[in-house]
Every structure is written in C-alpha cells, then in structure tokens.
C-alpha cells in the first residue's frame, strides 16, 4: 500500500520534470540546417540549452530540451529514427 501511495506522488512529478527531444525551432518557426554533428551540438547546447544535439536528416536534432521549448511536429517514424543518437 505504501508503494502505491509513493508511486501516486512521484509519477506526476516525473512528468513535470521530464525533458523532450526534437528539432528545436526558433521564433520564426524554422529549424537549424546542418551537415556536421559538432555544429548541431553547439546550437542545441548554447542556443536552446539542451543537453546535446546532432545532425539528423540535415537538421539539428536536440536531446534534453526543456518542456517550454518549441519543437517541430514530425512523424513518429522520423522521431524514433532520430532518437537513436549516433556516437562520434
């Protein structure tokens, strides 16, 4: 019973404090275009304050964006493809 009550208290907090992944958009609704991963990592971490980023399908894909940051609406297949972070 105690476990169930703890679960009910902690579960909503996890949803509020969660981070999201996606193509971050600027104030004009455009995504940063790219060819190199290092460029995207700099854009994502310094401009959008994400934890990291890389170039996925010629646009910067950011990991660990705050919930209040706007992201581009994409298909689930594209999101699952880009969620696999390339090492290197």
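Even glycines carry a Cβ here, placed using N, Cα and C.
Residues or ranges marked as signal peptide by Swiss-Prot: 1-18.
Residues belonging to the domain 'LCN-type CS-alpha/beta' (20-83) score a mean pLDDT of 92 in the model. Among the features that Swiss-Prot reports, domain 'LCN-type CS-alpha/beta' is placed at 20-83, with the record citing sequence analysis.
The feature disulfide bond is assigned by Swiss-Prot to 34-55 (among others). Classification of residue 55 (disulfide bond) by DSSP places it within a strand. Close to residue 55 (disulfide bond) in the fold, though at least 6 residues off in sequence, lie 34, 35, 36, 37, 39, 40, 61, each with a CB less than 8 Å from its CB.
The disulfide bond feature in Swiss-Prot is assigned to 40-60 (among others). Counting every protein chain shown, the number of other Cβ atoms lying within 10 Å of the Cβ of residue 60 (disulfide bond) is 24.
Within the same chain, the residues at least 6 positions away from residue 44 (disulfide bond) whose Cβ sits under 8 Å from its Cβ are 24, 50, 52, 53, 60, 62, 63, 65, listed in sequence order. Residues annotated as disulfide bond in Swiss-Prot, with experimental evidence given as evidence: 44-62 (among others).
Marked as disulfide bond by Swiss-Prot on the basis of experimental evidence: 56-82 (among others).
Marked as isoleucine amide by Swiss-Prot: 87.
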Might you list, by sequence position, any residue in that chain lying six or more from residue 56 (disulfide bond) with a Cβ less than 8 Å away from its Cβ?
81, 82
State the count of C-beta atoms found within 10 angstroms of the C-beta of residue 40 (disulfide bond), not counting that atom itself.
24
